[in-house]
Amino acid sequence: MPLVCLTDFREHAREHLSKSTWDFIEGGADDCCTRDENMAAFKKIRLRPRYLKDVSKVDMRTTIQGAEISAPICIAPTGFHRLAWPDGEMSTARAAQAASICYIASTYASCSLEDIVAAAPRGLRWFQLYVHPNRQINKQMIQKVESLGFKALVITVDVPKVGNRRNDITNQVDLMKKLLLKDLGSPEMGNVMPYFQMSPIDPSICWEDLSWFQSMTRLPIILKGILTKEDAELAVKHNVHGIIVSNHGGRQLDEVPASIDALTEVVAAVKGKVEVYLDGGIRTGNDVLKALALGAKCVFVGRPILWGLAYKGEHGVKEVLDILKNEFHTSMTLTGCRSVAEINQDLIRFSRL
């Protein structure tokens, strides 16, 4: 039987991946309240369709940081894709290139950045950075991704410490035994930190440090993990180029707002000065439409990409993206939106159900 929605891919992955890998991918922090609320919050929003419009042509194209993408549906940074498929991030990059969307490669990629670029040389790529306490390592990583043609630097801000992920503790997940991280070591330094458990994240990073990163690169800097108007205002003050509203898929601090619930506050705070994106809980084309109606420039999808990889590698990811794009096209058509620019808050209302 064909897989016809993202839930089908989830069930296939759950049945075919090892228990420890499935728990690692699906797990959230503590009681998983935020992980589950990320999806449930979308269902509290209802659509207000407008009819008798000419929707014979519907254009899903948009731009992020000046680059055109075929639809406002891109791939969020997730680590260790080889847990789901042998070619890992290389397959993900190929699927993103074929779909003409953006793929954010993770610091914790299980393929080298060189191999990711070689697999999809024409693809639009951003790089997600976990800030290491050693400034020299950060500098070398930034220089590498810039030289490899990545188009933006995405700094994750919500992991001064890894969240309390009970499944991984129970399963005694030890990625060191499974996957070698290709990019934390460098030829100059040797394999100083080849493994996940040996790559600490700097808990001292603060707003004043952003100027150092800006001095290191000409790439636009995006902050991932912002959930409040206060931090959104500080991001604008510190001249970042974009914000990804995200709670890390509910994997960090439990009982924070769902991403879609935090979006409005952040969008209002930045006053159009920077682009705002969203990740967390996107499972249907309606979800994409709702996020854009509330001010997101585009959405980034995480776990469903790994479900697609587990199904059929590059082709599974392509199927996941095609389903989301087709559903989004249908959502636009049935609400009377002929272009992404026509999607606005008048299309939605919040349900009391």
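Cβ coordinates come from backbone N, Cα and C, glycine included.
According to TrEMBL, the features are:
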{"type": "DOMAIN", "residues": "1-353", "note": "domain 'FMN hydroxy acid dehydrogenase'"}
{"type": "BINDING", "residues": "77-79, Ser106, Gln128, Tyr130, Thr156, Lys224, Ser246, 279-283, 302-303", "note": "FMN binding site"}
{"type": "BINDING", "residues": "Arg165, His248, Arg251", "note": "glyoxylate binding site"}
{"type": "ACT_SITE", "residues": "His248", "note": "active site, proton acceptor"}
Just how spread out is the glyoxylate site if you go by the largest Cα to Cα distance in Å among Arg165, His248, Arg251? 12
Sequence order is fine: just name those binding-site residues in Pro77, Gly79, Gln128, Thr156, Ile282, Gly302 with a Cα within 10 angstroms of Arg251 (glyoxylate binding site). none
Around the Cβ of Arg165 (glyoxylate binding site), how many other Cβ atoms lie within 10 Å? Please give the count over every shown protein chain. 21
If you average the pLDDT over the domain 'FMN hydroxy acid dehydrogenase' (1-353), what number do you get? 92
Arg165 (glyoxylate binding site) sits from Gly79 (FMN binding site) (Cα to Cα, rounded, in Å) at a distance of 15
Integer Å distance between the CA atoms belonging to Arg165 (glyoxylate binding site) and Ser246 (FMN binding site): 17
Could you state the CA-to-CA distance between Pro77 (FMN binding site) and Arg165 (glyoxylate binding site) to the nearest Å? 18
Rounded Cα separation (Å) that holds between Ile282 (FMN binding site) and Arg165 (glyoxylate binding site): 21
Please report the distance from the Cα of Gly280 (FMN binding site) to the Cα of His248 (glyoxylate binding site), rounded to the nearest angstrom. 7
Counting across all protein chains, other CB atoms within 10 angstroms of the CB of Thr156 (FMN binding site) number 22
I need the neighbours of the glyoxylate site defined by Arg165, His248, Arg251. Which other residues of that chain put their C-beta within 8 angstroms of the C-beta centroid, in sequence order? Gly27, Gly28, Ala29, Arg35, Val162, Gly163, Gly249, Gly250, Gln252
